[in-house]
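Undergrad: Have a look at this one.
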Amino acid sequence: MAQPSVEKDTKKSGNDVDSGTSSSVEEGWTEWDEVKARRKVDFSVLPLLFLGLLVFQLDRMNIASALTGGFAEDIDVSLDTINAGNQMMFAGIVLLEIPSNLALQKLGPRKWIAGQVLAFGTVASLQIFIHNKAGFLASRLILGFCESGYIPGAIYTLSTWYSKRELAKRVAILFFGMFGANAISPLLATGILKLDGAGGLHGWQWLFLLEGLFTIVVSFILLFFLPGSPDMPRPLLSPGLIRFDSNDRDILQKRLERDDNENNGGAQGMEIPLQLVWKTATHYPRWPHFISTFCLFSTWSSLTTYTPSILKSLGWDTIAANALAAVGASLSLVFVFIFAYISDKTNLRGGTVILAQVCFLITLIVAREVHPHVGQWSRWALWTAVNALAVGYHPVHNTWLQLNCRSPGERSISIAMWVMSAISGLMVGTQYYQAKDGPFYSNGLRIQIIIVSVGIVFAILQVGIYKVHNKRVAEGKHEADEDGQEPQIYVP
């Protein structure tokens, strides 16, 4: 039996742009026809999922700005309780991550994603009624339940529209919604918190109410305008602003089949058998992806929750602290794009992930060593650098994982497991920064340095596993699997 070529398959996964013009002509359409069809997706599906992720992040991280507006004091809770509440929220997300993803497969994105955004927007707006510890903890847990599955669902939905080659940049753009919310949330808070006392409400109540209501508005936008998938692109409640004709549908479906024989461009009513769920979950050669993600992303929860409070403790007032916190979060968008570009340009998927992780590690080390010895603005610059480089690896790591999945079902479950790993990390990371460790947080930074180092080791291990596997395939040492498929060629 002829053995597959490692070089050929690797390039197919990464460097070919949909097999070029000649294959498009053979299929019965021109390259320009394909570009026009893809642009319709770029201007409909992608921005709407981006908007959903933006409000997703706004609703779960505005607690950071609420704390600067006296939220903890008003409901009489300690920072330990705030940490516990965030842990419960992340636990709720993890518990229902895979069930939510299975529901997406069953119902399709038009119904599930819009309904989910409506649910967590409603819960977020009702946080204005929190007045004690029990109410806070319950609201965070329910918010987590409602938000579970959105990220893997959105990423999976994109994978039903785009080829593997196109996906990296689109996933990076999608994550701009999350990291963009991290940037604009403090800026929005600087204005909303000024409403303190208006209508008999605290500033933090206005923050929860207005941002929650905006999320509800977004849910109705999704109901009316989010296309489903190439085989059923019409939105649920309207013809849509951007319409796909039969030629567009044919192009979008066939080019995905050409890119991946098992991807037929459908996401409506597809069921994933439990056998595939188990097979994917127990595929241990992929576990270093999840461990590395757990380690690295655990650092982000403490940064997003406490950066405005840290800056306030360094001498700025509430408004200035929130405004200054937005700078690092805004710069993170630049680094996300830079690393996504490097990943696509070089096709060194694992190498780019490791590069981004190492840059973050160096920044943490410098911050811990220099922070106690410099002035107020230099400390702000250090925290800004840490926040700027805290997530550059994240979207490219997701793309790396997806490129090494065979079927849409396997990809969907793997994305869910990857998000569960990230959220589990966030849950643990809420405890990295303790009040007694402020304002320099030397112990918290030390923990982050150690955990990031561990994550880098596992990312390197993942590259090694893929390269060893590919070498064995090239040498003919791997036979077809139990389903009769040729041995998979991984993208290291």
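Every residue, even glycine, has its Cβ placed from backbone N, Cα and C.
TrEMBL labels come from automatic prediction, so no person has curated them.
According to TrEMBL:
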COMPBIAS  1-15  compositional bias 'Basic and acidic residues'
REGION    1-25  region 'Disordered'
COMPBIAS  16-25  compositional bias 'Polar residues'
TRANSMEM  112-130  transmembrane segment
TRANSMEM  136-159  transmembrane segment
TRANSMEM  171-192  transmembrane segment
TRANSMEM  204-226  transmembrane segment
TRANSMEM  287-307  transmembrane segment
TRANSMEM  319-341  transmembrane segment
TRANSMEM  348-368  transmembrane segment
TRANSMEM  380-401  transmembrane segment
TRANSMEM  413-433  transmembrane segment
TRANSMEM  445-466  transmembrane segment
Undergrad: Near the transmembrane segment (380-401), which same-chain residues lie under 8 Å Cβ to Cβ, leaving out any that are not at least 6 residues past its ends?
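TA: Distant Cβ neighbours of the transmembrane segment (380-401) are 155, 167-168, 171-172, 174-175, 179, 286, 289, 292-293, 296-297, 299-300, 303, 307, 310-311, 314, 324-325, 327-329, 331-332, 334-336, 338-340, 343, 349-350, 352-353, 356-357, 359-360, 363-364, 366-367, 370-371, 374, 414-415, 418, 422, 459, 491.
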Undergrad: Establish whether the number of Cβ pairs under 8 Å between the transmembrane segment (204-226) and the transmembrane segment (171-192) reaches at least three, counting only pairs separated by 6 or more residues.
TA: yes
Undergrad: Among 112-130, 136-159, 287-307, 348-368, 413-433, point out the range having the most Cβ pairs under 8 angstroms from the transmembrane segment (319-341).
TA: 348-368
Undergrad: Cβ pairs under 8 Å with the transmembrane segment (348-368): which stretch of 112-130, 413-433, 445-466 has the most?
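TA: Counting Cβ pairs under 8 Å, the winner is 445-466.
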Undergrad: Between the transmembrane segment (136-159) and the transmembrane segment (445-466), are there at least three Cβ pairs closer than 8 Å, leaving out pairs fewer than 6 positions apart?
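TA: Contact between the transmembrane segment (136-159) and the transmembrane segment (445-466): absent.
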Undergrad: Top stretch among 112-130, 171-192, 413-433, 445-466 for CB pairs under 8 A with the transmembrane segment (287-307)?
TA: 413-433
